[in-house]
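A.B. asks: Copying in the features that Swiss-Prot gives for the protein in this structure:
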TOPO_DOM  1-339  topological domain 'Cytoplasmic'
COMPBIAS  25-34  compositional bias 'Low complexity'
TRANSMEM  340-360  transmembrane segment
TOPO_DOM  361-389  topological domain 'Extracellular'
CARBOHYD  377  N-linked glycosylation site
TRANSMEM  390-410  transmembrane segment
TOPO_DOM  411-424  topological domain 'Cytoplasmic'
TRANSMEM  425-445  transmembrane segment
TRANSMEM  448-468  transmembrane segment
TOPO_DOM  469-473  topological domain 'Cytoplasmic'
TRANSMEM  474-494  transmembrane segment
TOPO_DOM  495-501  topological domain 'Extracellular'
TRANSMEM  502-522  transmembrane segment
TOPO_DOM  523-585  topological domain 'Cytoplasmic'
TRANSMEM  586-606  transmembrane segment
TOPO_DOM  607-622  topological domain 'Extracellular'
TRANSMEM  623-643  transmembrane segment
TOPO_DOM  644-649  topological domain 'Cytoplasmic'
TRANSMEM  650-670  transmembrane segment
TOPO_DOM  671-681  topological domain 'Extracellular'
TRANSMEM  682-702  transmembrane segment
TOPO_DOM  703-723  topological domain 'Cytoplasmic'
TRANSMEM  724-744  transmembrane segment
TOPO_DOM  745-750  topological domain 'Extracellular'
TRANSMEM  751-771  transmembrane segment
TOPO_DOM  772-806  topological domain 'Cytoplasmic'
């Protein structure tokens, strides 16, 4: 493309300038350097004095390239005339340029003398096309404004959905290429390569025509090395490398409106280059607003990221073809409502939560039942204080056994089947208690009930953690705790009007609706994947997410997570638990369980009536227990509304601080009362403190340890680790409830509450420094973060579709 250096005294007839026909006008070029700015000229080819029009052409059609066999003629010595060589040179030049859009000017316009050549050269230098630095800067501004600012901004606003609404062929290719996330990534890269060149002004290439005609001094026509990158092979296109930074782009935007208005005046529907470029861009950009739209019904698959709003930048669009009546139908899915309104997902959460209501009823049973059970006018057998303590304490002890066995059960039987299997033991246990003729029958019934409670308390959070979407896992994940509190409230209210036997019959009826609803919901997809039953996993996930949801991305993530866990798993489950990556989430879960029970909540629930009797409150003790139960119930529903807004840790902070204040207050009240002072004026204080204490506990430390157990434990060890955590929880429950009376006798009621308050202070520090926030994260994200690997959060929310015609 560039000739040899020449002296100023070359023959203009033999080595004349050439004029290149671009289709938009003519531009003058030389072999030493083609004026960069001529690519936007529209001049009169016959009049070098005409004023150039800048910005007349936005896009450029490919310019035909000639072969690289054309020899460059060596210039004659200065002053030498070679008229006979003119015809030969012209013939060779025309032969080498065959197929190129190059036209020679009339040769008689140039003088044959050296003086004439110099005049012509000066005339050309004076009028050549925008070769000054000022005009080059203008070119850069034009390119930056029109290419970078306009189209790139529009494209980024509409994002990458590479659908061609004008060509069914392009759409069908995209549909095939977007069948999976990996395929889509490859398709997306191709799309980035073929998208409109104006989207990135840093990488714009133009082809110049090859011209064999040498020019004069190279120093007069030195190309701008800051803008041009010239390959050794002159047949390759010249690359214009525009270094556009943010500051330059911002500065350029100030003149964008003027340039755009000028550009719009120059646009023409008859311009073939513009039409070609526009069609290409229409194929690449998102949801063209072109009037030439397809009549087909198109449906986009988009994904909702995070917990609060759509994150279009990181969302991956998915498109699939739906067959209707044997004919392909293209439809578009758009994210619409909150996942909380997917009724199948809510039904699954409600079904397992009814089991939690039975658990809550079982836990609260001893508080109202022991009073009537010790009454010989009601009970045919004697219940001593020692046997009464075992009626309250044997349930958590049996729950310990249930927690230990529950881990293997949910792995081998499945999450759903394990929960379902607890219904029958619940019914049998309550019937044993209701029909008891000896305290031993009551103990056996309580033990069987406690075993079922241990299994259920382990399997319920695991089931919900594996089926509910991350966006609403906090809200729906707290439903078991809320229904557990309903069970507690129901037991307290019924206990005011029923004796221990009637309460037991009521308890036997509660598992029946729970049993029936459990048959309607599926097993968790993750358990199916762990058993190699991917087809069943897909069906279960489809049921949970809705019939029209695209579950492929989520299913793929579940399978990948399971495969990663399998690669790092050992033969021994205990060895897996002891691995550093698994030990950290297990210890956090154990810590939460420890501080939950050592806050004294179960001791308070089990002995609520007795505590109010000891306090000497003027309010009826049974009414006090009902009030506490109502507050417990309401607080949990408040937590369900706040947990996905404030996060897990914030609710734990609030919960811990509330318990610390109220436990210390209760300790102070009992200290003053036991010292012999009159506390009748503040008889309301125990109830107020209890209400705030239960309110604080139910907001955080009540439901969140169980919720986070199902979230932070790795999938491969979730069953065994949850078994350990549940067993540990019930061990702490047993220790607290069984020793509560002994601790009161040893250090007094006031000392007992102060002890629990001090433990809550330590629990607050534990939450601050060790407990992670899991709000809005998928189980796979949480697992990778707990293992120390950082990854981009991915979340799959398959939303009810909204179809519209384009």
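Each Cβ is built from the backbone N, Cα and C atoms, and glycine gets one as well.
So where do these features actually land, and what's packed around them?
C.D. replies: Below 8 angstroms of C-beta separation, residues 419, 422-423, 426, 452-453, 456-457, 460, 463-464, 467-469, 472, 475-477, 479-488, 490-491, 507, 510-511, 513-514, 517-518, 520-522, 543-546, 800 of the same chain, each at least six residues beyond the ends of the transmembrane segment (340-360), sit close to that stretch.
Residues 395, 426, 436-439, 442-443, 449-450, 452-453, 484, 487-488, 490-492, 494-496, 499-500, 503-504, 506-507, 510, 602, 605-609, 622, 625, 629, 738, 741 of the same chain lie 6 or more positions beyond the ends of the topological domain 'Extracellular' (361-389) yet place their CB under 8 Å from a CB of it.
In this view, residue 377 (N-linked glycosylation site) is surrounded by 5 other Cβ atoms within 10 Å of its Cβ, with every protein chain counted.
Long-range neighbours of the transmembrane segment (390-410) within the same chain, counting only residues 6 or more positions beyond its ends whose Cβ lies under 8 Å from a Cβ of the stretch, are 362-363, 366, 369-370, 373, 383, 418, 421, 439, 442-443, 446-459, 462, 527, 602, 606-607, 719-731, 733-734, 737-738.
For the topological domain 'Cytoplasmic' (411-424), the DSSP counts in helix, strand and coil order read 11 helix, 0 strand, 3 coil.
For the topological domain 'Cytoplasmic' (469-473), the predicted model reports an average pLDDT of 77.
Counted with DSSP, the topological domain 'Cytoplasmic' (523-585) comes out as 46 helix, 0 strand, 17 coil.
Counting same-chain residues at least six beyond the ends of the transmembrane segment (586-606), those with a Cβ under 8 angstroms from any Cβ of the stretch are 363-364, 366-367, 392, 396, 488, 577, 659, 663, 690, 693-694, 697, 701-702, 704-705, 708-709, 712-713, 717, 721, 724-725, 728-729, 732-733, 735-737, 740, 752-753, 756, 759-760, 762-763, 766, 770-772.
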A.B. asks: Return yes if the transmembrane segment (751-771) and the transmembrane segment (650-670) have at least 3 CB pairs under 8 Å (sequence gap of 6 or more), otherwise no.
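C.D. replies: In contact, yes.
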A.B. asks: Cβ pairs under 8 Å with the transmembrane segment (682-702): which stretch of 425-445, 448-468, 474-494, 623-643, 724-744 has the most?
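C.D. replies: If we count Cβ pairs closer than 8 Å to the transmembrane segment (682-702), 623-643 scores highest.
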A.B. asks: Which residues of the same chain, at least 6 past either end of the transmembrane segment (474-494), have a Cβ under 8 Å from a Cβ in it?
C.D. replies: 340, 345-346, 349-350, 352-365, 367-368, 460-461, 464-465, 468, 502-503, 506, 510, 605, 608, 622, 625-626, 628-630, 632-633, 635-637, 639-641, 643-644, 648, 698, 702-703, 706-707, 710, 775
A.B. asks: Based on Cβ pairs under 8 Å, which of the stretches 425-445, 448-468, 623-643, 650-670, 724-744 lies most in contact with the transmembrane segment (502-522)?
C.D. replies: 425-445
A.B. asks: Which numbers of helix, strand and coil residues does DSSP report for the topological domain 'Extracellular' (671-681)?
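C.D. replies: Per DSSP, the residues of the topological domain 'Extracellular' (671-681) fall into 6 helix, 0 strand, 5 coil.
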A.B. asks: For the topological domain 'Cytoplasmic' (469-473), what does DSSP give as the number of helix, strand and coil residues?
C.D. replies: 4 helix, 0 strand, 1 coil
A.B. asks: Where does residue 377 (N-linked glycosylation site) sit by DSSP, helix, strand or coil?
C.D. replies: coil
A.B. asks: Quick test of the contact rule: Cβ under 8 Å, at least six residues beyond the ends. What residues does that give for the transmembrane segment (425-445)?
C.D. replies: 358, 362, 373, 380-383, 387, 390-391, 394, 451-452, 500-502, 504-505, 507-508, 510-512
